[in-house]
Amino acid sequence: MNESNCTKIVNFLKGMRLKTNPNLPGAKQKTPLNIHRFYLLLIIIIYTATSACIYFDWTSIRNLLLNVGKYEHLNISKYADITLSPQYKKINNLYPMTLAIHFTMSVFCGFLYDHIGPKFTAIIGQGFNILSWIFLSIDTTKIDTTLIGFIFLGLGADTAFIPILTVSNLFPDISTFIMTVIGAAASLSYAVPATLNFVYKKYPHFPFYYICYGYIFIILIPCLLVATFLLPMKPFKGLDYYLENDQESDSKNKEQISYTDNDVEMQPSLIQNGNTNVSNNVNKNKATKNIIEGENFHKQSILLFFKVLLSYPSICIIVYFILFNISTVFYGMVTDIYFSYNKSIINIINILMPISFIPCIIFGRFINKYGAAIIIIIMNAFSALMHLTALIKHQAAGLISAFLYMCAASIYTSQIYCFLLNAFPSVVFGKLLGITSLFGGMFSLFCEKLYDNISNSSGNKNDPTTISILLAISFIIMFLPLSILYTRNYEKNIESVNSEKNQIQA
């Protein structure tokens, strides 16, 4: 029995080994400057790790702004509890605002990605990022330059990040894994504000604008050059584009077999399992290839976008992301309140967030093999549990909550990106990604109201218990539509498609 279990474990681990075929048509696409796809991926990982959504680790950003004295003039007197000060509340309110701008801009970024290409979209995004740090470097109370800086930070976050996702199409047999690797690199970017904070504390005699301009010249300008010279004018073609001819021939062969052979029981896998999925993929891929090669690309792409936007998987994933976004943003805003009994847990969160790339890569491997829907269900459970365990005033429960928060944050948007890539035509990927982010970002503004309402009537204590329980109940209810999403198998699982294709050919 033990040998049997060990054999199963060994076989499972062997099955999780990742292989990529360099001879696939998608892997042979021409790259800017003819750079090898692996070198391009490495550069993109560095680009992402240093300039992606750095404000997602809000605890570190908040500490940086507090240390450099942003909004310190709002404090009329000293506060024993910093979380009750006007300065702290003003800084905290920047988070949902920036996130709302970030995800609102995503819808425009999605259209730019699909219609003017990754290169120019990323250039615009890095331009916004540079403007953001220029405004943050200005120290004045006459104009709220901090607010303006975070507006540009929100505008540039996805505009600089989404275009680089096209690199995943150079690895067609592991594209979702590559997408989560890029997402893991984005998790590494959480270390940027903590690093800047460390530098500021290490060299307190340096003005803050030295640090801001250092970040601009050392990181952001090289990233702008990467966007200019190493990103393509048009997105790299997705897997569905290259699968069309093979799937059409497979479909025709199956039809010929079904007409010539009257014994249906001799071919159950073709009739019962394969035919529906293949026909659905053929229809989707026909749309992708015809739109890309057609004369009315922009019009047909937009029409297809509105068609798939009203489908069940699209609506379900948007509703889930709205709830997930509210939950994660609210958690980030109340960490000091959740763990006021033990501040060391907050320090642990600051350590866990930069290393959240590790679970992100692990989740990415499972997504590539089993699809994103099952990981989304797991993240739904983690989101409910991280709030409930945070309410238990015990160190062990607090550590569990911090770990669950790290896991949820590690695959924050990658879970959505991978599902959209697997479930919908690649020709509308940017627009679907953008509209999903738009809804998530707009509703994140609700977190500001939630934070303002967690103070009790005495006004000297914050209690997030009621809101946390309501969020947990919402996630429990969300299990039903997500389970339907999973059981209906909307995704095009890359590894399953390849294995089924090999079986049919055999």
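Glycine too: its Cβ is placed from the backbone N, Cα and C atoms.
Taken from Swiss-Prot, the feature N-linked glycosylation site covers N2 (among others).
Sequence annotations record features per position, and here Swiss-Prot assigns N-linked glycosylation site to N5 (among others).
The N-linked glycosylation site annotation in Swiss-Prot covers N75 (among others), and the record cites sequence analysis as its basis. Just so you know, the Cβ of N75 (N-linked glycosylation site) picks up 14 other Cβ atoms within 10 Å once every protein chain is counted.
The feature N-linked glycosylation site is assigned by Swiss-Prot to N277 (among others).
Among the features that Swiss-Prot reports, N-linked glycosylation site is placed at N325 (among others), with the record citing sequence analysis. Proximity of N325 (N-linked glycosylation site) to non-local residues of its own chain (separation of 6 or more, Cβ distance below 8 Å) is seen for L99, F103, G440, G441, F443, S444, given in sequence order.
Annotated N-linked glycosylation site per Swiss-Prot: N342 (among others), in sequence order, evidence recorded as sequence analysis. Its own atom aside, the Cβ of N342 (N-linked glycosylation site) has 15 Cβ atoms within 10 angstroms in the protein chains shown. Secondary structure at N342 (N-linked glycosylation site), taken from DSSP and collapsed to helix, strand or coil, is coil.
What Swiss-Prot lists as N-linked glycosylation site is N453 (among others). Other C-beta atoms found within 10 angstroms of the C-beta of N453 (N-linked glycosylation site) number 10, with every protein chain shown included.
For N456 (among others), the entry in Swiss-Prot reads N-linked glycosylation site, with the evidence type sequence analysis.
According to Swiss-Prot, the transmembrane segment annotation covers 38-58 (among others), on the basis of sequence analysis. Note on the transmembrane segment (38-58): residues 31, 95, 98, 102, 126, 129, 150, 153, 157-158, 160-161, 164, 167, 170-171, 178, 181-182, 185-186, 188-194, 219-220, 223, 226-227, 230, 332-333, 350, 353-354, 409, 412 of its chain, located 6 or more positions outside it, place their CB under 8 angstroms from a CB of the stretch.
Annotation comment: Swiss-Prot describes 93-113 (among others) as transmembrane segment, evidence class sequence analysis.
The list of residues near the transmembrane segment (116-136) in space but at least 6 beyond its ends in sequence, with Cβ under 8 angstroms from a Cβ of it, reads 51, 109, 145-146, 148-153, 155-164, 166, 208, 212-213, 215-216, 220-221, 223-224, 227-228, 231-235. Under the heading transmembrane segment, Swiss-Prot lists 116-136 (among others), citing sequence analysis as support.
Residues 37, 40-41, 44, 47-48, 51-53, 55, 94, 97-106, 108-110, 112-113, 117-119, 121-122, 124-129, 131-136, 178-179, 182, 186, 223, 227, 231-232, 235-236, 417, 430, 433-434, 437 of the same chain lie 6+ residues outside the transmembrane segment (147-167) yet bring a C-beta within less than 8 angstroms of a C-beta in it. What Swiss-Prot records for 147-167 (among others) is transmembrane segment.
Look at Swiss-Prot and you will find 174-194 (among others) tagged as transmembrane segment. Within the same chain, residues 18-20, 41, 44-46, 48-57, 60-61, 63-64, 161, 164-165, 167-168, 215, 238-239, 350, 353-358, 360-361, 363-365, 367-368, 372, 409-414, 417-418, 421-422, 494 sit at least 6 positions outside the transmembrane segment (174-194) and bring their C-beta atoms closer than 8 Å to a C-beta of that stretch.
The list of residues near the transmembrane segment (211-231) in space but at least 6 beyond its ends in sequence, with Cβ under 8 angstroms from a Cβ of it, reads 31-33, 35, 40, 43-44, 47, 50-51, 118-119, 122-123, 125-127, 129-130, 133-134, 136-137, 160, 163-164, 166, 192, 196, 199-200. The transmembrane segment feature in Swiss-Prot is assigned to 211-231 (among others).
As annotated by Swiss-Prot, transmembrane segment applies to 302-322 (among others).
Beyond the transmembrane segment (344-364), the same-chain residues lying 6 or more positions past its ends with a Cβ under 8 Å from any Cβ of the stretch are 56-57, 59-60, 176-177, 179-181, 183-185, 187-188, 190-191, 194, 335-336, 375, 395, 398-399, 402-403, 405-407, 409-411, 414-415, 418. If you look up Swiss-Prot, you'll see 344-364 (among others) marked as transmembrane segment.
In three-state terms derived from DSSP, N75 (N-linked glycosylation site) belongs to neither a helical nor a strand segment and is classed as coil. Of the candidate ranges 93-113, 302-322, 427-447, 466-486, 466-486 has the most C-beta pairs within less than 8 angstroms of the transmembrane segment (372-392). N453 (N-linked glycosylation site) is 23 Å away from N342 (N-linked glycosylation site) when you measure Cα to Cα. Of the two recorded stretches, the transmembrane segment (93-113) does not lie close to the transmembrane segment (466-486), with fewer than three CB pairs under 8 Å once pairs fewer than 6 apart in sequence are set aside. Beyond its flanks by at least six residues, the transmembrane segment (466-486) meets 312-313, 316-317, 319-320, 323, 326-327, 330, 373-374, 376-377, 380-381, 383-385, 387-388, 390-391, 450, 453-454 of its own chain at Cβ-Cβ distances under 8 Å. You'll find the Cα of N453 (N-linked glycosylation site) roughly 21 Å from the Cα of N75 (N-linked glycosylation site).
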